[in-house]
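Take a look at the structure set out below.
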Amino acid sequence: MPSNYTQHVGNHDFTRATVVIIGAGVSGMCMAIDLLHRTPIRKFVILEQGSSVGGTWANNLYPGCASDVCSSLYSYSFEQRPDWAAEYPGQEEFLTYMTDVAQKHGLYKYIRFNSTVQEARWDDKQQQWKVKVALNSAKASEFHEQYELTTNFLVSAVGQLNVPSYPSISGLDDYTGKLIHSARWDWTYDFSGKRIGVIGNGASAIQIVPELAKTASHITIYQRSPKWLLPRSNKKIGAIQHFLLSYVPPLRWCKRILQMRYREWLYNVLVTPGTVPARQFEAQSQEWMKSQLPDKPELWDTLTPNYAIGCKRVLISDDFYAALNASHVDLNTRPIQRITATGVQTDDDEQEYDLIVLATGFRASEFLHPIRVYGAGGRSLEDIWKDGPRAYYGMTVEDVPNFGMLYGPNTNLGHNSVITMIEAQSRYLSTMIRAVADAKKKDQTLVIQPRPEVLREYNERVQKHLAETSFADPNCQSWYKTDEGLITNNWPSTVVRYQKEVSQVRWADFILKGSGSAAVAKKKATYVGRVKEEALVSNVTLFLGVALAAGGVYWRATSWWKWEVPLIDKVGDDGILYGSGKTAWTSRVCPGAHCASGLLRILSLRRA
C-alpha cells in the first residue's frame, strides 16, 4: 500500500520515517520548520544527541559566549524577535530564542533527544537508509540501548562546529589539575582566585578571558599566531527601541536589510585581499589595539598578523584588550613543548596552573565525524572524500543517494550570518524531499544523487574562486582549510549569489532513478525561491520612510514627554553624521553599517 507521509511517527512505526534529520540545532530546526510549512510531510524524526534544542548554542556554555553577528541578522528571517537585550545576543538569550521557536512551531514531538547516530547505511535493494541509533539516556536505555531506523531521505544537520578539537600536545593526559575544553564547560568549578592557563586565542578565548579575569588570581594566554580583532561596539537595546521594533514592523525589516547590506559589503573587506576597504579595516584594527594597550607597546607587533584580514576568522571584542591590559593577565607566544602534571612547559619556562582551558575550537573540516556513512554500493563517505570534503552547493554528495547536508562543505561565511545560507539550503532540500515523498505516496520509488561531472565542475569553479580570496593566504593556517591547504569550509562569494544559485532545483544536475524518476525529470527545474533581503531602494529612502512611520508611532506614544533629539547633519547612502547640544555625538561615515541602529539611537535618547 502507498505510504501516508502526512501522519506523525507513532509507537507502531517507531523505527520507520519518511525523513530523518540528524541534529536539532539551527540547521535541523530550520529543516523541520520548512517541512512543516512547505510540504505536507509529517512523518519525520529529528535525532538529537543532546538533551535540548540549540546545537552549538546548547553545547557552548563558556562565560562570555555570544554571537559575532547582530541579533537582527543572526536569527531566522521568519522569526524576527523585537526584544533582544543587546545588538549581539549572548548564549543564554539565543538558546532561549531557539527553545521559543521550537515550541512555537511544535517541533518537540518530532525530536528524540539523547539519541546518537552511530552509522547510516544506504540499502541499494530497498532504496532506503538504515540508521543505527544509540541512546545516551540511562532511563531510555532501560527499554533498549540502540535501534535501527529506516528512512527514505536522510538529512545531516550536524553543522561544522559540533565536535571539539583537542590539541596534540604531549602530556595532556598527565595533567592533574582541572582541564576544561571551551565547548564542554564545567560551571560547577569555582574559578575565583585560580591560576589559569588558556591555550588558544581565537573566538572563544577572547570571550572567556575577560570573564575569568574578573576573579582569577592570574591568567596566561598561550598564542600560536595573532588574529585581526575589531571592536564589537555592542549596545543594549532599551525599552523604547523594543517598543518601536514591536509596533513598527517595517523598522525591523529595515534594520535587518541594512545589516544584510552592510554584511554583504564586508565581503570586499574580509574575503577580497588587497582592496582599499581591506587595508582600511586592517589599519582600524591596529588603531583599536594601540588605543586599548597604550602602556604595552611591546605587545603591538606580537598582536599584529602578517596575513590578510579575513584569512582567519576575524575576531570582535570590546573587552579583550582591556583584560590583556590588566596586571594579572599575560600573553605567552613561545611554543608549548608539553603539558606537565602541574602546568605548561615552553622551551624556556614552566608555569603551574590550577586550571587549563583548551580554547582550541572544533574539528570543523571533518564533516559528520564520527558518524559512519555508507552510500551506494557500500562506498564509505570517508572514501568518497579521500581527496577532501566536497558537496554540490554544500548539500548533496556523489554516490550518496537521497541525502542532504545543511551547513556542509564550502558553505561557511567569513562576512555574514550562516543562518541566511542555512535557510536557502533548507528550502532547496525540502523540494528534493517532497519529490521523494510524493513518489513514495504513489507507491513508487525515487532516488536522487548529483551527477559526478556536475559536482566536479562545480567544485573546480569554487576552488578556483577560493584561490583568489584571503582564505588562501599561505601565511596563515585556519580551520577554513585542511593541513594541505584545501579550503573545505568557506563559500567564495556573497550570500545573495548563493541564494540565487540555489533558488531552483535543476533536475538535470542529478541522476534520477526509480519508477517515479520520469515524472520528475520532465519538470526540468523546480523553483525554490529565496528570501530577498537586499534592499531595492537606497539607504536614504529606507531611512526616511521608516523614520516617518516610527516617528509617528513614537510621538503619539510619548508626546507628553520632553525630548532633546540631536540634529541630523547629513544622511546619505554612505551613512549618517548627527549631533547637537547636550546629546551631541558623531559617527564615522560607514557604508550602511549601523544605519538602522543609528536611527534607533536617535529615537531612543532619554528625556532631557
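The backbone N, Cα and C atoms fix where each Cβ goes, and this holds for glycine too.
Around the Cβ of Asn4 (N-linked glycosylation site), 12 further Cβ atoms fall within 10 Å across all displayed protein chains. Taken from Swiss-Prot, the feature N-linked glycosylation site covers Asn4 (among others).
Listed by sequence, the residues of this chain that lie at least six past the ends of the transmembrane segment (17-37) yet keep a Cβ under 8 A from its Cβ atoms are 3, 5, 9, 43-48, 50, 52-58, 76, 78, 98, 101-102, 105-107, 110-111, 113, 117, 129, 131, 149-159, 162, 371, 406-407, 418-419, 422-423, 425-427, 429-430, 433, 436-437, 440. What Swiss-Prot records for 17-37 (among others) is transmembrane segment, and it gives sequence analysis as the kind of evidence.
Residues or ranges marked as FAD binding site in Swiss-Prot: Thr56, Trp57, Ala58, Asn59, Asp68, Val69, Tyr74. The Cβ of Tyr74 (FAD binding site) has Ser67, Pro89, Phe94, Ser417, Ile419 as same-chain neighbours under 8 Å, each 6 or more residues away in sequence.
A 10 Å cutoff on Cβ-Cβ distances gives Ser204 (NADP(+) binding site) a total of 24 other Cβ atoms nearby, all chains included. The NADP(+) binding site annotation in Swiss-Prot covers Ala66, Ser67, Asp68, Asn201, Gly202, Ala203, Ser204, Ala205, Ile206, Gln207, Arg224, Ser225 and is backed by similarity to another entry.
Feature annotation from Swiss-Prot assigns N-linked glycosylation site to Asn114 (among others). Under the three-state DSSP scheme, Asn114 (N-linked glycosylation site) falls in the coil class. The Cβ of Asn114 (N-linked glycosylation site) lies under 8 Å from the Cβ of Glu48, Gln49, Gly50, Ser51, Leu135, Asn136, Ser137, Ala140, each of these being in the same chain and 6 or more residues away along the sequence.
The N-linked glycosylation site annotation in Swiss-Prot covers Asn325 (among others) and is backed by sequence analysis. Sequence-distant neighbours of Asn325 (N-linked glycosylation site): residues of the same chain at least 6 apart with a C-beta under 8 Å from its C-beta are Gln292, Leu293, Asp295, Lys296. Secondary structure at Asn325 (N-linked glycosylation site), as computed by DSSP, is coil.
Annotation comment: Swiss-Prot describes 535-555 (among others) as transmembrane segment, evidence class sequence analysis.
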**Message:** Restricting to the chain of Gly202 (NADP(+) binding site) and a gap of 6 or more, list residues whose Cβ falls under 8 Å of its Cβ, or answer none.
**Reply:** Lys227, Lys312, Arg313, Leu315, Ala359, Gly361
**Fill in**
Taking only the CA atoms, the spacing between Asn59 (FAD binding site) and Ala66 (NADP(+) binding site), expressed in whole angstrom, is 13
**Prompt:** Which residues in the same chain, at least 6 apart in sequence, have a Cβ under 8 Å from the Cβ of Asp68 (FAD binding site)?
**Reply:** Tyr88, Ala203, Arg232, Leu315, Ile316
**Asked** Across all protein chains in the structure, which of the binding-site residues Ala66, Val69, Ile206 has the highest Cβ count within 10 Å?
**Response** Ile206
**Request:** State the three-class DSSP label for Ala66 (NADP(+) binding site), counting H, G and I as helix, E and B as strand, and everything else as coil.
**Result:** strand
**Complete:** Smallest number of other CB atoms within 10 Å: among the binding-site residues Thr56, Asn59, that is Thr56
**Prompt:** How many neighbouring Cβ atoms, not counting its own, are there within 10 Å of the Cβ of Trp57 (FAD binding site)?
**Reply:** 24
**Pairwise CA distance, Ala58 (FAD binding site) versus Ile206 (NADP(+) binding site), rounded so that it is a whole Å** = 19
